[in-house]
């Protein structure tokens with residue numbers, strides 16, 4: 001089935017008010033196909049800023065993280081209600097940097113995913129293996145374990161986009177080949193079909209999140225199970241528009 005091409009831009013802890021204005025205005029003036037969905041994730045301090053500047057119907061805004069409580073004494077965290085209140089519609093959960101630097105477990109990410117979905121935002125759920133896990137040949141075992149934790153808590157995947165991000169490729173300039181990515185994405189979809197249903201799995205978009213850029217994005221064009229990209233550093237640059245248009 002035809003799934004809407006999806007491009008996520010994760011700004012990470014980068015950007016200023018001025019630079020984010022420049023990025024959003026670049027998107028506003030760009031020619032973006034009507035059948036592409038774009039989601040940008042600026043730092044939390046600039047969510048409101050990005051939402052207010054955005055003029056494109058195909059573009060929406062995501063938070064890079066959210067906590068699993070509605071409110072309370074959780075210094076430094078952002079609630080889903082606060083994210084929604086400023087007009088953001090998505091949240092990125094399970095990113096490898098959250099798993100690695102902030103020690104977020106599969107179960108904790110699953111709990112956050114369920115809470116976010118129940119609270120009315122859509123989720124970009126990140127999964128992926130480290131270099132050590134890749135070298136051991138356990139990539140599929142790792143991503144299935146990460147998915148199973150969420151499957152145990154979430155039955156309705158309508159508002160979930162899965163992002164496969166090989167950790168060894170993030171910020172390193174390394175990237176899986178488009179054939180490698182297709183093989184893993186296909187296995188992920190087969191796993192979801194087994195656990196949910198074939199029809200449900202066919203509707204879930206699976207993004208590639210390993211150092212996608214303006215040059216390599218086009219090589220994924222004919223890969224049936226690669227439904228878009230979760231872009232890191234390149235989302236801060238003009239080439240982000242090239243990635244968005246890589247399937248035109």
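Residue numbers in this text run from 1 along the chain shown.
Glycine is no exception: its Cβ is also placed from the backbone N, Cα and C atoms.
Listed features, source Swiss-Prot:
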ACT_SITE  95  active site, electrophile
ACT_SITE  165  active site, proton acceptor
BINDING   10, 12  substrate binding site
| query | Could you state the CA-to-CA distance between the residue listed as 'active site, electrophile' and residue 12 (substrate binding site) to the nearest Å? | reply | 10
| request: Around the Cβ of residue 12 (substrate binding site), how many other Cβ atoms lie within 10 Å? Please give the count over every shown protein chain. | output: 17
| message | Please identify which of 10, 95 has the densest Cβ environment, defined as other Cβ atoms within 10 Å, among these recorded positions. | response | 95
| task | Specify the count of other C-beta atoms within 10 Å of the C-beta of residue 165 (active site, proton acceptor). | result | 26
| Distance between residue 165 (active site, proton acceptor) and residue 10 (substrate binding site) at the Cα atoms, whole Å? | 12
